[in-house]
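Heads up, the thing below is written out as structure tokens.
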Amino acid sequence: MLTIASVLLISVLIGAVLQRITGLGVGLVAGPVLSAVLGPVAGITMVNGLSIINAVNNAWSVRKRTDWKRFRILAGALVVGSLPAVLVVHLLNGPWLFIIIGALVLLALSISLFPTERFRINEHAKGPMILFGIIGGFMSTVAGIAGPALTVYARLSRWDYRDFVATLHPILLVANTVSFLLKVVLIGGLNFGETPAWLWIAAVAMIFVGAWFGDRLNDRISTPMAKRLATILAAAGAAVVLVRGLMGLI
């Protein structure tokens, strides 16, 4: 139990550090680990819960740089995308959901690394914002990761990265709150694998410790380096979840 708890807490800590620096981290890094330890539904729901706390902490600190107009459009679209995702979670709990979570994380990572120099969308166009918001909401509910889809939008629209990260934090607050409440209310009776209360408390503590470290590393580590580290860790975790799902079908 202690070994599992250590792996879980370390993944949350690393995710929180990277989230503070790049806007991505908790869902990508901790999501696959929690899914493997607690199961796909309980694991991602716990990620949603921890991400709510993380987003509140981060959103408040960068509120002055937040683009509230884009926030309203993207957050509204996220809610729409979350609704059909709840049905997917309800119907596919088990090996297939492991496979979907692992595949979605790997797909999101691939898309976020896609070169966008030849493509550009109007930064004021509402259509692309709504489309990427819906995709982000679906992925947030199913796999606990709304960030990669929104990162692709930010790159295509040439959104200043620091302003994007500042706006991403309150968006993730909405995405994870909606995903968490929809799964708890509509699915109900979630089993968190008898996760002890102290582990929840420790995981929440890691969120704040990670944010503290992230602030201090922000000026010392380049954003590309942090992104590469998050990508490597997330890909490894997603591969484990995907393999676990495939093994469950054998």
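Each Cβ is built from the backbone N, Cα and C atoms, and glycine gets one as well.
Unlike curated records, TrEMBL annotations are generated automatically.
Feature list (source: TrEMBL):
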- 29-50: transmembrane segment (TRANSMEM)
- 71-90: transmembrane segment (TRANSMEM)
- 96-116: transmembrane segment (TRANSMEM)
- 128-150: transmembrane segment (TRANSMEM)
- 170-190: transmembrane segment (TRANSMEM)
- 197-214: transmembrane segment (TRANSMEM)
- 229-247: transmembrane segment (TRANSMEM)
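Put simply, of 71-90, 128-150, 170-190, 197-214, the stretch with the most CB pairs closer than 8 A to the transmembrane segment (96-116) is 128-150. Sequence-distant neighbours of the transmembrane segment (197-214) (same chain, 6+ residues past either end, Cβ-Cβ under 8 Å): 5, 8-9, 12-21, 26, 46, 50, 53-54, 57-58.
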